[in-house]
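Data block below; observations after.
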Amino acid sequence: MSRLTMLLVPPEVRRVARRRGVTKRRVADELHTFVEVKPSPGRWKVAAHITTCVTLTVLTLSLIFGPKMGLLGLTGTFLCTVSVRRTWRHRVTILASMTLAYALALTIGVSVAGNALLTTLALTAIAGVSVLLYHALVGDPPGPVFLTIGPAIGTYLPTTGVAGSTFVLAASLGAVMSSTLSLALQWPFRHTPEDEAVEDAQEACDEYFASDPDGDFVETGRLRDAAYGSIFNAAWAVAFAAGRRNRNPHLRDLTAQVRKMHIAVVQRTAATRLPDADIAVPTMLQARYLGRPPRRYLLEWGLSRSSLPSLIARRAALAVLATCVIAYALGVSHPYWAVMTTALLVSLNGDRLSLTHRAGHRFVGTVVGVGLFFLVSLAGPTDWWVIVIALVCVFLLQWSVVSNYALGSMFITPMALLVASVGSSHAPTTELMLDRVFETALSCAICVVILWAFARRLPIRLVRRQFRRSLRALQRVLVLMADGQQDSDRGVAARRDLVFEQLEADHVLAMAATDLPHTLGTWEEVEASLNSTSYVTLAACWTADPLKLLDAEAMSARLTRLIHDLPPISTQVVDSTTVATGLDEVLAVGLARRS
C-alpha cells in the first residue's frame, strides 16, 4: 500500500495495514532466525573440552568393563556440560549436587521400569522438581535436562534385558568421571570466568562513563543499567571463585577492581541526579552489598507460584505428563525417546518463539540424522566402532549446537540410534529409524501445543509479579533509609535484594515482551522509571547523609500509595504509563528536598 493510498483510506484500515506489515516482517524475521547459522567464535574449545571428558570416561569404562558398559556410561557423561561458564569453585558445588541428584533420579527410573503408570508419575515429578530447583538456584544452559533424560532411559533399558543396577552404575560412573575430568581440565584456566566477567563489567562501565550526562536520557539510563548489572554479575562471579576467605592475590585484585568500578558508577549516578553529594563507601559494607542473595532467598523467590522458575517447572511437568500419556496410549516402541525430546525442548529458560524454533530444529535435525544413521549402519560397525563414531558425534554436536540447534540435532540422532542398535535384541534398522522420526514428531507437536496453549497470557502475570517484588524491595530500602538504618545488616541486605529483583525484572520483561510485544512493549517505560528511582536511591545510600539528599519518608509514603492503588497481580494488563509516571513522581518527591 503506497503512502498516498495510506493517507486516503480510513484510520481503521491504516491500522490493519500496519499490523499486516508488522506481521509480514515478523514472519520474515522468524524464518531468517530459524535458518540462521550464528557465529560462535571459540566454541570449538568448549566442544574439545567436553569431548575430551566424554572420550576419556567412555574409553576407561570400556577398557575396564567392556564396550557395552562404556556405551551405557555415555549417557551420564553429558553432565560435564553443565555450567561450563561458571567459576571453578562454583562448578564443584553444582556438579556434585547434580551428580547426586542424577544417581537418585536413575535409581527411581529403573525401579519403575515396565510400569506405565509409575513411569509417568515418576518422570513427571522428576521433571517438575529438577527444573524448579535448577532454575531457582542456577539457571545456566543446558538446564537440568539430563536429570530427566537419564531416568527416562532407565525406565526402558531394564525391559530389554539390561540390569537396572548395571545401568545405574555405568551412568553414575560416567557422570562422576566426566565431571571430575571437566573440573581437572578447567583448573589451569580456573580464573577465566571471573576474569571475563570483570572485563565485561569494565567495558560496560567505560561506555557509561563515555556517554554525555546531558544527552539522551533513555540511552544514558540504558548504559547505567548495563553498567550496574555487569558489576553485580562480576561481583557474584568473583565472590563464588574466592569463597568466604579471599586469600588469592589475583582474586583480591579482581575484587578491588569491581569495587572501584562500583564506586565510580555510584559517583556518576550521584553527579547526575544528586550533585555535590559526599560519597562514602565503607569497604565492609560494599563487600556485603556486592553479593548474591542467600539460597534461602532464592528458593523463596523461585518457589513462588508466579515466578519464572515455577512457570518453567509447571510447563515442563505438564509436557512430560502429556508425552507419557499419549506415547503409552499410542503404544509407541520407545516412549523414553519422546520424553527425552520433550525434556530437551521445555526444560530451558526461554520465550515461546525461541522454544518453538527449537522444536522445529529438533525435528529437522532428527530427520537428517536418521539418514546419517542409515548410511553408517550399512557398514555394520562393531561395538568399538560405534564408540568411535559416537565420540565424533559428541564433538560435532557440541561444536554446532550453539550456531543452529538443527545442526546439533543432526549429530544427536545417529549417536543415540547407534547406541540403541547395539546388540541383537533391538529392532531392525528401518523400524528403529521410523520409530525415531515418529516419536520425535510426536514430542515436538506436544511441546509446541503446550507452549502456546498453556497459560497464554501468563507472561503478563510474570512481569507484573516481578515488578511488584521490585517495588516492594525498593519500599523496604526507603523505609530503612528513613529510619537511618540503611547501613545496618537489614539495610545492606535490603539494598542487595533490590538489585537482584531489578535484574530479574529486566530479564523477565525481555523474555515476556518477546512473547507479547504489543501488550508488554510499553513496559519499558516502567522499567526505565523503576531503574532510575532505584539506582538514585541506592546511590544516596552511599553518601554521608542520605536524608539530606532524598526525602526517604515522603518517597516511601508515595510508593506505598502507588503499590496500594495497583490492582491484584493477574493476567490483566495495567496502564504502564500510569505506573511509570507514579514512579517518576516518587523520585521527584524525594528530590524535592534539594530544591
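Positions of Cβ are set from backbone N, Cα and C atoms, glycine also.
TrEMBL annotations:
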- 46-65: transmembrane segment (TRANSMEM)
- 100-133: transmembrane segment (TRANSMEM)
- 153-176: transmembrane segment (TRANSMEM)
- 312-330: transmembrane segment (TRANSMEM)
- 324-450: domain 'Integral membrane bound transporter' (DOMAIN)
- 362-378: transmembrane segment (TRANSMEM)
- 384-402: transmembrane segment (TRANSMEM)
- 437-455: transmembrane segment (TRANSMEM)
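Contacts between the transmembrane segment (362-378) and the transmembrane segment (437-455): present, as 3 or more C-beta pairs lie under 8 angstroms, all at sequence separation of six or more. Packing against the transmembrane segment (384-402) from elsewhere in the chain are residues 38, 40, 43-44, 46-48, 50-51, 54-55, 58-59, 62, 67, 70-71, 74, 81, 376, 408-412, 414-415, 418-419, 422: each is 6 or more residues past its ends and has a CB under 8 Å from a CB in it.
Looking at 46-65, 100-133, 153-176, 437-455, the range that has the most CB pairs within less than 8 A of the transmembrane segment (312-330) turns out to be 100-133.
DSSP states for the domain 'Integral membrane bound transporter' (324-450), grouped as helix (H, G, I), strand (E, B) and coil, give 102 helix, 0 strand, 25 coil. When Cβ distances are compared across the two stretches, the transmembrane segment (46-65) makes contact with the transmembrane segment (153-176), since 3 or more pairs at least 6 residues apart fall below 8 angstroms. Long-range contacts of the transmembrane segment (437-455) within the same chain, counting only residues at least 6 positions beyond its ends with a Cβ under 8 Å from a Cβ of the stretch, are 311, 314-315, 318-319, 322-323, 326-327, 330, 332-335, 337-339, 341-342, 345-346, 352, 355-356, 359-360, 362-363, 366-367, 370, 461, 571.
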